[in-house]
Amino acid sequence: MKNKLPPFIEIYRALIATPSISATEEALDQSNADLITLLADWFKDLGFNVEVQPVPGTRNKFNMLASYGQGAGGLLLAGHTDTVPFDDGRWTRDPFTLTEHDGKLYGLGTADMKGFFAFILDALRDVDVTKLKKPLYILATADEETSMAGARYFAETTALRPDCAIIGEPTSLQPVRAHKGHISNAIRIQGQSGHSSDPARGINAIELMHDAIGHILQLRDNLKERYHYEAFTVPYPTLNLGHIHGGDASNRICACCELHMDIRPQPGMTLNELNGLLNDALAPVSERWPGRLTVDELHPPIPGYECPPNHQLVEVVEKLLGAKTEVVNYCTEAPFIQTLCPTLVLGPGSINQAHQPDEYLETRFIKPTRELIIQVIHHFCWH
């Protein structure tokens with residue numbers, strides 16, 4: 001029953017007070033089970049059918065799908081339940097206590113993005129779900145801030161095919177229809193150590209890596225020349241050499257050298273295509289030094305994403321907001337949800353607040369976000 005729901009600000013407060021940090025470091029990583037239970041209970045109170053899905057390969061993480069109505073199509077509203085870790089020394093407030101000051105709601109996850117679920121629940125007070133002609137789905141995922149394992153697993157296993165989806169990441173209520181992807185790799189070269197007084201008795205991994213870097217930089221130039229997407233501020237795929245380490249002493253031939261790099265592909269480029277381009281670039285080194293060069297993923301890759309600009313979802317949201325869709329450089333779960341249906345990224349709060357100390361969401365977003373959620377539900381589930 002709707003009258004069982006706490007007030008909007010109390011829902012928000014409870015979400016922020018329930019830690020759900022995602023981290024690759026096990027000591028910092030937390031289960032999102034308590035947060036999922038909170039959400040599940042609230043959506044059940046509204047009459048939704050709720051499924052909780054354990055996410056394999058995680059440390060006790062879960063997805064939640066709340067649904068009302070049956071049949072084909074409908075609308076999916078999605079978001080992630082986890083936050084990044086916080087630096088206690090840089091926060092001036094308790095990250096897990098929602099505080100309001102000077103038109104801002106402070107707390108870890110206020111903008112990115114646990115607060116989005118408070119907006120959905122509050123908006124549903126004014127929606128008569130019994131009159132929906134198409135189903136409404138609410139998806140809460142796990143581990144977006146690390147591996148995106150929740151969205152990946154949901155997209156791989158669900159049979160749902162809504163008409164469209166909106167992911168409520170903080171975009172300042174500016175609709176986003178495309179973003180670049182991200183792949184990160186470790187290039188490792190195994191040489192052969194020896195005393196520097198006799199270089200011929202060893203194989204210097206740093207020298208081999210120098211050769212490999214030359215080929216990687218040529219790939220960077222080729223990506224810039226070959227691929228263009230003018231809507232992006234940087235209208236081509238970028239390649240960055242981010243970290244390198246090799247050797248342990250000035251008088252030893254370096255036995256091992258490792259380079260960490262990333263590529264940010266534009267929409268339309270497949271991960272297989274990128275892996276092929278990287279392997280082709282490094283082929284001369286691999287062929288000259290068989291078995292000494294390896295390429296490994298540092299993190300699960302994220303493809304680029306694009307919603308067709310002429311899709312009904314884009315047209316409807318642009319009309320409702322009076323704003324054109326944008327493209328951005330950061331990554332979201334959209335590439336995985338997009339495999340199910342056309343998807344937009346659109347939510348309250350600023351991306352500039354994501355992962356920042358004293359994270360906040362401006363209260364000016366409360367009314368328009370609530371109204372927007374009601375409008376999109378009416379349009380895609382009542383018509």
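The backbone N, Cα and C atoms fix where each Cβ goes, glycine too.
Site annotation (Swiss-Prot): Zn(2+) 1 is bound by H80, E169, and the candidate from D102, D112, D198 recorded at this site is D112.
For the Zn(2+) 2 site, Swiss-Prot lists D112, H355; matching the candidates E145, E156, E315, E318 against that entry yields E145. Each residue contributes its Cα atom, and for E144 (active site) and H80 (Zn(2+) 1 binding site) those atoms are 6 Å apart. Each of the binding-site residues H80, H355 was scored by other CB atoms within 10 A of its CB, and the lowest score goes to H355.
Separating the Cα atoms of E169 (Zn(2+) 1 binding site) and E145 (Zn(2+) 2 binding site) is a whole-number distance of 12 Å.
Within its own chain, D82 (active site) has S20, I21, S22, N32, K61, A142, D143, E144, E145, T146 as residues 6 or more apart in sequence whose C-beta sits under 8 angstroms from its own. Counting neighbouring Cβ atoms within 10 Å of each of the recorded positions (D112, E144, E145, E169), the lowest count belongs to E145.
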